[in-house]
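One structure below.
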Amino acid sequence: MQLEKMITEGSNAASAEIDRVSTLEMCRIINDEDKTVPLAVERVLPDIAAAIDVIHAQVSGGGRLIYLGAGTSGRLGILDASECPPTYGVKPGLVVGLIAGGEYAIQHAVEGAEDSREGGVNDLKNIGLTAQDVVVGIAASGRTPYVIAGLEYARQLGCRTVGISCNPGSAVSSTAEFAITPVVGAEVVTGSSRMKAGTAQKLVLNMLSTGLMIKSGKVFGNLMVDVVATNEKLHVRQVNIVKNATGCNAEQAEAALIACERNCKTAIVMVLKNLDADEAKKCLDQHGGFIRKALEKE
């Protein structure tokens, strides 16, 4: 697909005079365009749901969720991956973010990195990609060689693959087994796909990782019950989570957390089933770490 024919490279009539308006009007134009992004994502919810189910199945079988992208797309993948361990208590290697050009490219532009097909393949080889893994290729344009080659290599290995782009009929969409294509239209600044396209990608990634964690028992109700208390804010959040899940007071919640080495799930089961820490942990282990299953009457 030729670059000039891509929707993400089109000219947006709503912002044609944006360099001549007041600062407030400039903000209104950008905001009005941003409002269209969730609607574009809404139109592809069935595709997102299908991808979540596949990702969950693979991760449940011992696989990993791997994001692959260049520039803004790569950085968004890294951002999503890096938030999973503290939020959901998973090991750092379960959700992986790879970016064309490597770690240096997180903060700097690396010329030619996104055009390297070899780079996409080598980065996946370097993390020991296996058929159990799911590779999610992210590219607003849908034409990034680094991402396309990575998806091709992943499929050759037998991996399940997902392609996220904002141009229908793109190479990324056709290469991946599952395509997620929120069409957000032309950007406020022509071709600046870090804006609406990047926002759409972030919303999709939020759903993929959050959906995976919910289906993996990392959420009880709407509480992040595997959160790791790495700072004072999260320490307080743990107490509030146990309080909200059980109806106990702060002192009881803190006592339960101390008794089980600050594991919210265990503390919740301790309080609700009147068990000690070891008994509660054993009960959770017997039910795959799912609180709801652990609370069901035998």
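Backbone N, Cα and C atoms are what each Cβ position is placed from, and that goes for glycine too.
Summarising the annotation, Swiss-Prot assigns active site, proton donor to E83. According to Swiss-Prot, the active site annotation covers E114. Marked as domain 'SIS' by Swiss-Prot on the basis of sequence analysis: 55-218.
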Please report the distance from the Cα of the residue listed as 'active site' to the Cα of E83 (active site, proton donor), rounded to the nearest angstrom.
24
Out of E83, E114, give me whichever of these active-site residues has the highest number of other Cβ atoms within 10 Å.
E114
Summarise the model's confidence over the domain 'SIS' (55-218) as a mean pLDDT value.
96
